[in-house]
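In what follows, a single structure is set out as structure tokens and then discussed.
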Amino acid sequence: MASMCTFSSPFLLCNSSISRTNIVACNKQTSTLQAQVKNVATIETTNRRSANYAPSLWSYDFVQSLSSKYKGDNYMARSRALKGVVRTMILEANGIENPLSLLNLVDDLQRLGISYHFLDEISNVLEKIYLNFYKSPEKWTNMDLNLRSLGFRLLRQHGYHIPQEIFKDFIDVNGNFKGDIISMLNLYEASYHSVEEESILDDAREFTTKYLKETLENIEDQNIALFISHALVFPLHWMVPRVETSWFIEVYPKKVGMNPTVLEFAKLDFNILQAVHQEDMKKASRWWKETCWEKFGFARDRLVENFMWTVAENYLPHFQTGRGVLTKVNAMITTIDDVYDVYGTLPELELFTNIVNSWDINAIDELPDYLKICFLACYNATNELSYNTLTNKGFFVHPYLKKAWQDLCNSYIIEAKWFNDGYTPTFNEFIENAYMSIGIAPIIRHAYLLTLTSVTEEALQHIERAESMIRNACLIVRLTNDMGTSSDELERGDIPKSIQCYMHESGATEMEARAYIKQFIVETWKKLNKERQEIGSEFPQEFVDCVINLPRMGHFMYTDGDKHGKPDMFKPYVFSLFVNPI
């Protein structure tokens, strides 16, 4: 853990209340504790719970062995050449004469994961299409349902307000929508961009879901069937972009109108980025090994899974430093969550929470060794990022980062007390605390800092404008997590989750409670969509994307189980995203 102490030293030198003697003592204490990690379980006499988490499938040696030929100059040169060809393709496309073709191209570029190369070009294209076809109802007259649906989705995604009434011409007297199968698929995808009180889109989602499920049973075109079945599992708006890219590159050759040059560029870009992600993961793995936290037998060793969360948040090549920071934050949250949920006694947890709130390094002698280690890891990582931000961007962010950990631990201790008292909270009482205890808010706050080009007091205060957006993103992750993990967590002795709280309060069956939570997630997405439309332009686009991508990751990780907690479920994605090139 010597490297972790090195992280803290520069910041401590900036703090006049802590002497150099204390810094040296902190360094020595941390190094000593590192040697004691492996003995924590053997010296323990307190009777503690165990979650019996499965061990990690990914050894340090395996991660360090990852390599890729796509770091070579010849691949980079070919990528630059293909990028130029695709850019010309966008610029020469005539969106006025054939808007559907151009919208399909934009959609393909996004799903193939290469749209980040052409942000200005895509922005200009969508602006022209909006002005010529979507700005006012009189421009909709000659547009079919397919064009309206695809344009609606892409334009709403990029911040344009397109009213739901654009679809009313395609509703018959019975309330059914009229269109072919591709139109229905695009309308289905468009409906997930709804906000509150948009009944036309609610009806569209219900109708198209039923229509597509019925069509899937009898459809002869297996290529279209492939796209329908994929959409019914994960609508595009709820899909993790990098996971979607991995899937879409494989099926894009089957799509009508596919472009071989676009496909070649997408494959090459995916493999080049995979090489970048391998190096990021190797660096994170070295840090994880230095902390020795993987030797904590009571906690989940999930470094690779935590790294996946950061790739979901932002996979772009320039965000390497950010992924490094966020992987550390994710990993520490996972371990500290297990401390509060399973391993720690209530007196220990109350003391730990008090020390986090005071942020007093001199008070940690009162803690058991395993909690000293947890506190020092957060303390040092916070100091490191504070120091780097102060030296690189000229602003002291330590209070901002410290508060993120304090808010998290204060939510954890509430749940620990609920468990200790055998208390089942009401549904509303649960979610008012659980949106924080899911651990997403600290990630978002760190991500905000990492995406700011200029860090100022005004910028840090401005995030308060996004509090509702952040809360709803956290809440979706919380509820998707509950849908996928609550049964396992109850078996190991955790507190009741949202499903059980709703059942206890309302008398509902588990099936009824799950249906309620599922609809609650849909309604929360509507709020998130609206907040993104209203205030998204006030923040860096990469930050807004991160906020939206985290609930997408919640759906991905916890649909049909717990990919974060059960390594076997996540294994195929490690190989497809980080090991095997396309």
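Every residue, even glycine, has its Cβ placed from backbone N, Cα and C.
Noted in Swiss-Prot for the protein shown:
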type	residues	note
BINDING	ARG300, ASP337, ASP341, ARG478, ASN481	(2E)-geranyl diphosphate binding site
BINDING	ASP337, ASP341	Mg(2+) 2 binding site
BINDING	ASP337, ASP341	Mg(2+) 1 binding site
BINDING	ASN481, THR485, GLU489	Mg(2+) 3 binding site
MOTIF	337-341	motif 'DDXXD motif'
TRANSIT	1-87	transit peptide
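Sequence features annotated in Swiss-Prot and their locations in the structure.
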residue : record                                : DSSP (3 states)
ARG300  : (2E)-geranyl diphosphate binding site : coil
ASP337  : (2E)-geranyl diphosphate binding site : helix
ARG478  : (2E)-geranyl diphosphate binding site : helix
THR485  : Mg(2+) 3 binding site                 : helix
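Packing against the motif 'DDXXD motif' (337-341) from elsewhere in the chain are residues 51, 53, 298-300, 349, 352, 370-371, 374, 409, 412-413, 415-416, 437, 439, 489, 494: each is 6 or more residues past its ends and has a CB under 8 Å from a CB in it.
Cβ environment of THR485 (Mg(2+) 3 binding site): LYS497, TYR558, ASP562, GLY565 lie under 8 Å away, each six or more residues apart in the same chain. Long-range C-beta contacts of ARG478 ((2E)-geranyl diphosphate binding site), restricted to its own chain and to partners at least six residues apart, with a cutoff below 8 Å, comprise ILE431, ALA434, TYR435, SER437, ILE438, ILE440, SER498, GLY554. In the structure as shown, the Cβ atom of ASP337 ((2E)-geranyl diphosphate binding site) sits within 10 Å of 18 other Cβ atoms. With a 10 A radius on its CB, ASP341 ((2E)-geranyl diphosphate binding site) counts 22 other CB atoms from all the protein chains.
In this record, (2E)-geranyl diphosphate is bound by ARG300, ASP337, ASP341, ARG478, ASN481; the longest C-alpha to C-alpha distance in that set is 18 Å.
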